[in-house]
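Read through the structure below, which is laid out as structure tokens, and then see the notes.
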């Protein structure tokens, strides 16, 4: 599975959206309806799934699915 | 039983009110993590009482004023029980004195343990509870946090701070099925009040409509209620257990 697919699965599970609704350019808040607490939970889920640590400064910059995928791929 | 299958972490549970809470929750069926800062003998006694009553218990030494120590405690709890349903932030200290004589170290120590310690423990446990989509946080404040008290500026400030903190947490965490409430004990028979002179005790009891000091068990029963499913529609509230001292 690509990083995007794994991220998409987590987003689907956490936010209860359809997989088809999650595109690489989707924004978490405007497109996917996440609130600030959802974002915190998503970050925690990404950290767990990919065994990485996303510091707060980096987490604040994450707005889109692409932001997460890029961050994860760079952390590998 | 009321708390069957639940896991409860009680800070400062080796003595006084925390001890009564730990024993009460364990007797109601919860597996209880008894946190203590230094008094291992007292903690072992609590362990004994719970084991004799057929309950589940684990002792964990940790200073709530130290975030690393708190994180280690949470990890130990998760390794043993795999979840935390109930957090009771009870650990507290006093360094009483009139403001003019209060040292900065007295101020800092009380704020660090009684307020910042609540922040550390709640932060660490909230992540777990958010994933579980259920949790009960009960923070011990004090009637002094509502009324103020000469000679306890640091303690009253910390306890008032805990109220503001708890109400904020109640709002932040409600959407994840986590409730956050407070219990405000009044004048309770513990080591903390045992040091007061008989004269002071008599004067205080005179101002209590129910005309007696409270017991740690009186407080523990209020905590038990808030920790149970019976209190699922209550959040951000303070229950005073003070014989009517503050209304």
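The backbone N, Cα and C atoms fix where each Cβ goes, and this holds for glycine too.
According to TrEMBL, the protein carries these features:
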type	residues	note
ACT_SITE	B:155	active site, proton acceptor
BINDING	B:12, B:13, B:14, B:15, B:90, B:155, B:156, B:157, B:158, B:159, B:188	NADP(+) binding site
DOMAIN	B:6-191	domain 'Ketoreductase'
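Annotated features taken from TrEMBL, shown on the structure.
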| residue | record | contacts (Cβ under 8 Å, 6+ apart) |
| --- | --- | --- |
| B:12 | NADP(+) binding site | B:18, B:35, B:36, B:37, B:64, B:90, B:91, B:92 |
| B:14 | NADP(+) binding site | B:34, B:36, B:37, B:39, B:40, B:42, B:43, B:45, B:46 |
| B:155 | active site, proton acceptor | B:92, B:94, B:95, B:96, B:110, B:114, B:142, B:144, B:149 |
| B:156 | NADP(+) binding site | B:142, B:144, B:145, B:147, B:148, B:149 |
| B:158 | NADP(+) binding site | B:92, B:110, B:111, B:114, B:115, B:145 |
| B:188 | NADP(+) binding site | B:16, B:17, B:213, B:214, B:215, B:216, B:218, B:219, B:241 |
Averaged across the domain 'Ketoreductase' (B:6-191), what pLDDT does the model get? Just tell me the whole number, please. 97
In Å, how long is the longest CA to CA span across B:12, B:13, B:14, B:15, B:90, B:155, B:156, B:157, B:158, B:159, B:188, which the record gives as the NADP(+) binders? 24
Quick one: give me the count of other CB atoms within 10 A of the CB of residue B:90 (NADP(+) binding site). 28
Collapsed DSSP category at residue B:12 (NADP(+) binding site): coil
